[in-house]
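The feature signal peptide is assigned by Swiss-Prot to 1-27, with experimental evidence given as support. As annotated by Swiss-Prot, disulfide bond applies to 41-47, 45-60, 540-583, 542-605, 566-571, with the evidence given as experimental evidence. Annotation source Swiss-Prot lists repeat 'LRR 1' at 75-96. The repeat 'LRR 8' annotation in Swiss-Prot covers 243-264. According to Swiss-Prot, the repeat 'LRR 9' annotation covers 267-288. What Swiss-Prot lists as repeat 'LRR 16' is 435-456. The repeat 'LRR 17' annotation in Swiss-Prot covers 459-480.
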């Protein structure tokens, strides 16, 4: 985020020059015309002239320069000096470049900047000084650049700012001071920046914010204070930022937020307080934030939610409360959040959710309760959440799913119940989930499935039952799942599959039977595109001839191995997933792959 706007400006500038097809004057000697009429180019640089826009750009990037090149044409509009070994800029070094609008000095060895170094650059709009060794900047450094719109000073060693350093930069929109060593800022640090839209102070050592600091920044839209050492947010600190839309306070040491800390932020849309030490929220923590859309409070130490904490956040769309210490959700814990669409409560210490805890959340689409230890959910606990389409309950110690647990979730599309230690799901537990597309029951302790468990789930496409203890599946168990596309019953204890089990699944394309106790299997349905059979004790007699023929005729559906898809250098050497069909009997073919058996072996069939 720290380099977002500066990087964007760089990219847009480059793209415009490439798209317009400028003429290159690479290697032309100073004072010698290039391949067409145009200005001379310094020997160490490449010059690019845009006829249509009548603009000249000079590229001297990464040339190991220890001093500024001689002979830069006076009409240059953009000068790139990044990635060199410049340790200083002499006074008035650019005084003949009055047309310069873009100057890139980032990635060098600049330890200081002379007050007169930028003399003559009255038309400069974009100045990049990131990734140097700057420790301080003298008053008057930017006195000669009144037209600056963006100034990048991130990733230096600045430990202090002079009062009024930026005074006179009334056109500045974007100021990046991130990733320096600033511990204290003077009251008048940003005096004169009345047009500033984005201010980045992330990655410093700020421990305190005084109300006067942001005085005069009435046009500010985005303020990044993340990754500092702030311990508290006091009242009225941001009261003079009426147009602020995004405020980043994440990854500090904030333990307390004073009542009225965010007063005056009428335009705020995004507030990030994640990765702090906040232990509690008061009823008047968020008053006046009527326009807030996103509130991130994850990775704190919040132990409880007081009633009406969020009462003023009528337009909030995303609330993240994951990785806290919340133990209980009382009735109407989220009162006032009628527009909320995403609610995350994962990895808290939730043991109890009261009936009515989610009342009023009529627009919630995604809810994450995973990583808690709920053990038992009240009947109809999700009543009123008709627009919920994804419910995450992974790793929640549920043990058993009872009827009416999911009553009211008529629009649910995805239900994740992985890793819950489930020993049973009662027959009517999933009834009413007519829109369900994906059901994940992976890594539980299910030993059987009720005959009519999936009744009414006619739209289900993905059913994941791997890593349970299923020894058998009723012949009619999957009958309602006529739209099933993906079925995974791997890592169970299945010894046989009824012949009619898969017959209704005409749309099935992916079937995993890996690591069971199957001895025989008739391939069906006919449209399978991927069939996994590894890890079963196959009896390679006559009943398995049909499977052998299917595997040989459809090698892409029953591959011997598949190379893992990796990004970057994650797979060195390449990783493979094998799909052996290893014979466990009869004795004469033990250890062979079914596909390698000859026709003669099956002649008696």
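Numbering starts at 1 and runs along the chain as displayed.
Cβ from N, Cα, C; glycine included.
Features as recorded by Swiss-Prot, highlighted on the structure.
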residue : record         : CB count, 10 Å
41      : disulfide bond : 31
45      : disulfide bond : 26
47      : disulfide bond : 25
60      : disulfide bond : 22
540     : disulfide bond : 26
542     : disulfide bond : 12
583     : disulfide bond : 23
605     : disulfide bond : 11
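Summed and averaged per residue, pLDDT over the repeat 'LRR 1' (75-96) gives 97. Comparing residue 60 (disulfide bond) with residue 47 (disulfide bond), their Cα atoms are 9 Å apart once rounded. Remote same-chain residues near the repeat 'LRR 16' (435-456) are listed as 389, 394, 410-429, 462-474, 476-481, 488 (criterion: CB distance under 8 Å, separation of at least six residues from the stretch ends). Here the candidates are the disulfide-bonded residues 41, 45, 47, 583. The one whose C-alpha lies nearest to that of residue 542 (disulfide bond) is 583.
In the three-state DSSP scheme, residue 605 (disulfide bond) falls into the coil class. Between the CA atoms of residue 47 (disulfide bond) and residue 583 (disulfide bond) there is a gap of 70 Å.
Secondary structure at residue 542 (disulfide bond), taken from DSSP and collapsed to helix, strand or coil, is helix. Note on proximity: among 41, 45, 540, 583, the disulfide-bonded residues of the record, the Cα nearest residue 605 (disulfide bond) is that of 540.
According to DSSP, the repeat 'LRR 16' (435-456) comprises 0 helix, 3 strand, 19 coil.
The two recorded residues, residue 583 (disulfide bond) and residue 45 (disulfide bond), show a Cα separation of 69 Å. Put simply, residue 41 (disulfide bond) is 78 Å from residue 540 (disulfide bond) when counted between their Cα atoms.
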